[in-house]
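A.B. asks: One structure coming up, written as structure tokens, with questions to follow.
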Amino acid sequence: MNSVFRSTARCLRSATWQYKTAHKNGELSVGRARLMCSSAGQKNLEEMVKKDKVVVFMKGTPAQPMCGFSNAVVQILRMHGVDNYASYNVLDDQDVRQGIKTFSNWPTIPQVFFNGEFVGGCDILLQMHQSGDLVEELQKLGIRSALLDQEKESK
């Protein structure tokens, strides 16, 4: 995967949150908190992200996405001919919805995983698609992008 995407994801995925508290005397105190998954929840999420070569946590289902970003991820995968992947509707389970955000240290849904490794959300997948990196990543998974066949036909 392109190192720019990895470093961007690493920078954005910090699970340490800084907060400020205002006291009655007007002073502000700063604190930090780290979000943690329970070990049972983390193990379950680890199993979920490794269920298939491509796993998507989204709002809705591939047949009926419930937000524009989830729909964009489905459409990008569909353009590449990736129709066989595990998907989880986070609207069905609040624990999964919050747990996956903590697990990946990524604040938004949808979330895409390749071979159990967090790739990113809609923005990262779109950048990978536009740059051609997604074709390469799919090849590493043993998935031939349908866009390669379209390129051959157009020549």
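Note: Cβ is positioned from N, Cα and C throughout, glycine not excepted.
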A.B. asks: Do you know which of Lys59, Lys140 Swiss-Prot groups with Arg97, Gln98, Gly99, Ile100, Lys101, Ile109, Cys122, Asp123 in the glutathione site?
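C.D. replies: So, going by the record in Swiss-Prot, that would be Lys59.
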A.B. asks: Between all pairs in Lys59, Arg97, Gln98, Gly99, Ile100, Lys101, Ile109, Cys122, Asp123 (listed as glutathione binders), what's the biggest Cα distance, rounded to the nearest Å?
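C.D. replies: Taking every pair among Lys59, Arg97, Gln98, Gly99, Ile100, Lys101, Ile109, Cys122, Asp123, the longest Cα gap is 21 Å.
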A.B. asks: How many Å separate the Cα atoms of Asp123 (glutathione binding site) and Cys67 ([2Fe-2S] cluster binding site)?
C.D. replies: 14
A.B. asks: Take the Cβ of Ile100 (glutathione binding site) and count every other Cβ within 10 Å, whichever protein chain it belongs to.
C.D. replies: 25
